[in-house]
Amino acid sequence: TPGLPPSDCWDRLWLPLRPRRISGLGVCVLKLWFPSLCSHFSVNACLMPVCQLHGAAVTTVEGIGSTKTRLHPVQERIAKAHGSQCGFCTPGMVMSIYTLLRNKPQPTMEEIRETLGGNLCRCTGYRPIIDGYRTFCEVISSFISGFLHAVGESLEPFRTETSGKEKLLPLDPTQELIFPPELIRMAELEERATQTFRGERMTWISPISLDELLQLKSQHPQAPVVMGNTNLGLDIKFKGVVHPIIISGFRVRELFEVTEKPEGVCIGAGSSLSTVRSVLEKCVCSLPAEHTQTLAALLEQLSHVAGEQIRNVATLGGNVASAYPNSDLNPVLAAGNADHLCVIPEGKREVPLDKDFFVGFGKTVLKPDEIVLSVFIPVSRKGEVVRAFRHAPRKENALATVNAGLRVWFEEGSNVVKEMSVYYGGVGPCTVSAERTVQQVIGRPWNEATLSDAYRALVDEVTLGASAPGGKVMFRRSLTLSLLFRFYLHVLQHLKDTVRPPSVTCRRFSDADSDVPSGQSEQDPVGRAVQHQAALSHATGEAVYCDDFPRTQGELFLSVVTSARAHARITHIDVSRALSMPGVVDVFTADDIPGKKFRSFTGIDEEILAQGEVTCVGQMVCAVVADTKPHAKLASAAVKVHYEDLPDRIFTVEVAVEKRSFFLPQREIQRGDVTKAFQEADHIYEEIRLGGQEHFYMETQSMLVIPLGEEKEMKVYASTQHPTMVQEAVAETLGIPSSRVSCHVKRIGGAFGGKLSKTSILASITALAAWRSERPVRCVLDRGEDMLITGARHPVLGKYKVGFMSDGRITAADVRYYANAGHTPDDSVLVIEKILLHMDNAYNILNLRGQSAACKTNLPSNTAFRGFGVPQTPWLHCGCASSCLTKNLYKETSLTHYKMEFDPEVLLRCWEECKERSELDRRRLDVARFNQQNRWKKRGIALIPLKYGVGFAEGFLNQAAALVHIYKDGSVLVSHGGTEMGQGIHTKVQQVASRELDVPLSMIHISETSTSSVPNTCPSAASIGTDVNGMAVKDACQTLYKSLEPIRKQDPNGTWQSWVQLFGSNTSFIKWGKNKRHDLYMDWVKQEGRPYAYFTYSACCSEVELDCLTGEYRTVRTDLVADIGRSINPAIDIGQIEGAFMQGLGLYTMEELKFSPSGVLYTRGPGQYKIPAVCDVPLQFNVYLLSGSHNPHAIYSSKGVGEPTVFLGCSVFFALKEAVAAARSDAGLSGPFTLHSPATPERACIACGTRFTQMIPETETAQPWALELP
């Protein structure tokens, strides 16, 4: 834009253009284009200060196309490829690819994959996104084949849409937006001058010359110089850091100069990392190979630093000057003898980037008023080898755990070391130089004996205390050795002057049978791959989420104050300072609640706001209401809560068991004579720990409450899976009838079980604020608040004893589960019940006993999560060899341990088909051969079955109602009780209505889910949303269609519209529908029941390749066979299967919640908590829908699909365990070993027992940095 927005409130300048977008996820991506630059670049809006955009052309997703005008091909293709589920992340995906195409209209697949590396998605599993965007490639490489999967003939139209380009909107670069002429004229005519913006708390100064920048820095030495804002922006946005003055160097041209010299390249400190990468690529291509060692090492490291959106703004100088201990570039620059040109008003000086440059955490030898002008990177010399290594929790877009820059220079014509540098990041408060280790090598030949001495010196030189920040002490220390060993091998290879060419694995495309019967009407959409009804709205940014509702006159914002203690008495709450702050309207506590001060879940009360005592860090204490979000946040930070600590804090299940701290009831179930069976068999004792998992939905908890000012009515807009629970909670809190409260849900940006109980409490607090102020109040949690307050999947400790015979038959099992429930019960008792009901999985164990308990601890309450206890049950696979599993499968019609009869025929079909399609027998031999031939890389393969019960054990929850309106023009409005959160329930319901009414999908509309349209709804959970709501819609539509029968007979050649007009002129055309409730129950006294309407079955085979030196792994191939009955929409169902599997992969191998010893959650955002990204998708991912499966218990013989396959992510875990076992065998270790979940690289590496991990001595006894849960 030509001008800049008003700067009356500084904090507004840091907000993304769409307020619902949240940093760190890649969902707020936009494209920037400056007149001085010839290329387009993508950035995260949440980190881009508006002050820095003077003269820039800013393009958001709304600016490239819409459903009202014309779609852009980028928007169309992700929609047609079914690449959008909840849709919250879709605009970010669209804008990332759009920016790529503006720079390169025919990208490679690697460029597409790399571009999407900075975008996260929790729903899809990424495959359909890649599948849609591969169509822009001129040549589709073998890479993409790994994302293709079996979808059946029912998806042929979809495959044609995304592979036959003639059916897609063409990409025509000549029709793209040009740079606005008025901005060009402004750039030419406007006199360049310093810009100053003043806000309430900060002043932004943007000089135009180096002299002016130096003068400002001299006047304000403590003022930070901001360039990319990737560091400072996070501090301001999330840590509350305030800088009275900020100096921007963005318009100082001297900071962006690049000079190439024979002795090296000098790069301006203001150059973005993307620019640095381009410069290095050019140099590597133009210089002799012997001069490119340092440049190539930096280039390799840059490809893994953050995502593209961050690299486009983060700068080289910022990376150096911030001096973060795990900087990826600093160790390489230091090892490569780089230096910096620094300037102050008095002159310039060159500062070497060496061991003396870094003096502490975030500190360097730079003076307060010094500016880094440029970085000089010298070319390498003949005989010099430079290499960079890094290890991170995720392969890409993650801060390094440990990294290294290593350089060695040999005497000419020999292998004797003349000079050497070794620098590490991540093992100290700053970049560390291993000088004593280097001295062990210099002057000696490059061989194993030399390096052995170096390893011993390195163990003594680089140390970490047991409570070192970041934890993982043993792992981080072992990585220093492993990375040095890798460098040793690399240099040996270099000395031999041989380079092994990279291997390319061909991927296979697979097919499955269609579920659309021959003869089905073309208009009947059931069983077809119908596009998500809101896919285009997702892709264009038109889809409305809760926080997208426009601000209204007088609207307020609510911020909650949370406890800072795990167990303490509240002695006083001082709100005086908060009330005196600008914009603050109200502060209230539990004493101000007019109605019930608690909510009841599973029969146990939970306080809405803490009264007198807090029992975890993050418990809500009071709330602040102000005119803006920044004012509310500042005021909530000003509230002072005084505590008196109480004894006996409990954080782990071991302590809870010791102190008998449980939520009742505990559960137990048994069949057969377990004690006798153990006496007749060998047996093993084992335990497995399964960590928790954050929901990490893209849209955080959001709600807007509007008091209507009449009859005490309240209208609640909330991102919730259970509108009726929100309605009841608000009514009870305010002490008014439920009829005065209506809850509305348009759509949800992901939920996974996390938007049930806590959402109702937050809505109650927000409603109280609206009630007291008589004004609309909005509450939207930041990511850190959301993760702190709302809880996660239950961590579980499983202890089991298994009895088996010599032929592998399991004769008895005794299992005890202890779930860490947190400080309130929430759904914990229901979770431990489902754990017991699914502990048999697919195995017929005649003597089986299970016990489970929900442990009361002083951590945030854990809650429902996709799978609801089933993913915490894979105990049997830990204790038994995979060859034994087949012998113990259910083989014939059987009773479960709770006496429910079922036929396992479909289960066995899934198992056998998965074995066949995965070529398991052949690949087991291949894996064994690979492991024999490779010392430091091992493979493992595992096949896992699944029997999953669908439905609620509480019968009343398995019911639904629907309301169908038919208007005189023939259009249909459907209302039902399910909420759309990405699972496609609205799309499937439209398909049901279309079939039953025999009308096109285009005539059917679903507006929202509302308690004023359909009352007393059940939650959208347990994979039964389509089952129950679809049946209700079917019932209503059949009644309506039947009422038209006389008209149709009277005019058989008429149209739908003519029949409706004739019928509707005399009669109301509106009908209620309901589904027939299943009589489900579970009697825990008798230990029997029918808690599920039916079972769905699956089998999954995964193969992994493990790097034993670092614990990093790659899923080589996954084959998954799923029984989902007769699919209503195979595109949506396969998307659900893939997304659930990837969520399970994260649960079992990546995602790790960390708490401090005092109960504070460390992992409160995407920087600390890593979910799977596009780089984590199996290289070959085949999903097959089992054909010929039927289900008389659900609509159109379909089956629930959303939750079951989360469990199958454990196939990757058990494949990893096999690979670890192979590594241990090479290390001379035998017998059982421990590998807990998640099998992070740390755990896998330590379990491998390599000589490097064995060299690390035990750390001193001290309080660890983080708790070991559960």
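Placement of Cβ uses the backbone N, Cα and C atoms for every residue, glycine included.
Annotated [2Fe-2S] cluster 1 binding site per TrEMBL: Cys46, in sequence order.
For Cys89 ([2Fe-2S] cluster 2 binding site), the Cβ neighbour count at a 10 Å cut-off comes to 29, with all displayed protein chains included. Feature annotation from TrEMBL assigns [2Fe-2S] cluster 2 binding site to Cys86, Cys89, Cys121, Cys123.
Annotation source TrEMBL lists domain 'FAD-binding PCMH-type' at 197-382. Looking only at the domain 'FAD-binding PCMH-type' (197-382), the predicted model's pLDDT averages out at 92.
Less than 8 angstroms from the CB of Val225 (FAD binding site) sit Leu213, Lys217, Ile247, Ser248, Gly249, Ile371, each of them six or more residues away in the same chain. The FAD binding site annotation in TrEMBL covers Val225, Val226, Met227, Gly228, Asn229, Thr230, Asn231, Leu232, Asp328, Arg390.
Taking Cβ-Cβ distances under 8 Å and a sequence separation of 6 or more, the neighbours of Ala1022 (Mo-molybdopterin binding site) in its chain are Phe868, Val950, Gly951, Phe952, Leu957, Gly1200, Glu1203. If you look up TrEMBL, you'll see Gln721, Phe752, Arg866, Ala1022 marked as Mo-molybdopterin binding site.
Residues or ranges marked as substrate binding site by TrEMBL: Phe868.
Feature annotation from TrEMBL assigns active site, proton acceptor to Glu1203. Counted within 10 Å of its Cβ, the other Cβ atoms near Glu1203 (active site, proton acceptor) come to 26, all protein chains included.
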CA pair Cys121 ([2Fe-2S] cluster 2 binding site) / Met227 (FAD binding site), Å rounded to integer, equals 28
Measuring Cα to Cα, tell me the gap between Phe752 (Mo-molybdopterin binding site) and Cys89 ([2Fe-2S] cluster 2 binding site) in whole angstrom.
15
Comparing the Cα of Met227 (FAD binding site) with the Cα atoms of the binding-site residues Cys46, Cys89, Cys123, Gln721, Arg866, the shortest distance belongs to Cys46
Binding-site residues considered: Cys46, Cys86, Cys123, Met227; fewest surrounding Cβ atoms within 10 Å belongs to Cys46
Spacing of the two Cα atoms, Cys86 ([2Fe-2S] cluster 2 binding site) and Gln721 (Mo-molybdopterin binding site), in whole angstrom, works out to 13
Whole-number Å only: compute the distance from the Cα of Asn229 (FAD binding site) to the Cα of Cys123 ([2Fe-2S] cluster 2 binding site).
29
In the same chain, outside Gln721, Phe752, Arg866, Ala1022, whose C-beta lies within 8 angstroms of the Cβ mean position for the Mo-molybdopterin site?
Ala751, Gly753, Gly754, Leu756, Ala864, Phe865, Phe868, Ser1020, Ala1021, Gly1202, Glu1203
With an 8 Å cut-off on Cβ distance to the Cys86, Cys89, Cys121, Cys123 Cβ center, who else from the chain surrounds the [2Fe-2S] cluster 2 site?
Ser84, Gln85, Gly87, Phe88, Thr90, Arg122, Thr124, Met698, Gly749, Gly750, Gly982, Gly1139
Of Cys46, Gln721, Arg866, which is closest to Cys123 ([2Fe-2S] cluster 2 binding site) if I measure between C-alpha atoms? They're all binding-site residues.
Arg866
Candidates Cys89, Asn231, Asp328 (binding-site residues) with Cα within 10 Å of Arg866 (Mo-molybdopterin binding site)
none
Same-chain residues at least 6 positions away from Asn231 (FAD binding site) with a Cβ under 8 Å from its Cβ, in sequence order, are Gly318, Ser322
Asp328 (FAD binding site) to Cys46 ([2Fe-2S] cluster 1 binding site), Cα to Cα, whole Å, comes out at 24
Whole-number Å distance between the CA of Cys89 ([2Fe-2S] cluster 2 binding site) and the CA of Cys46 ([2Fe-2S] cluster 1 binding site)?
14
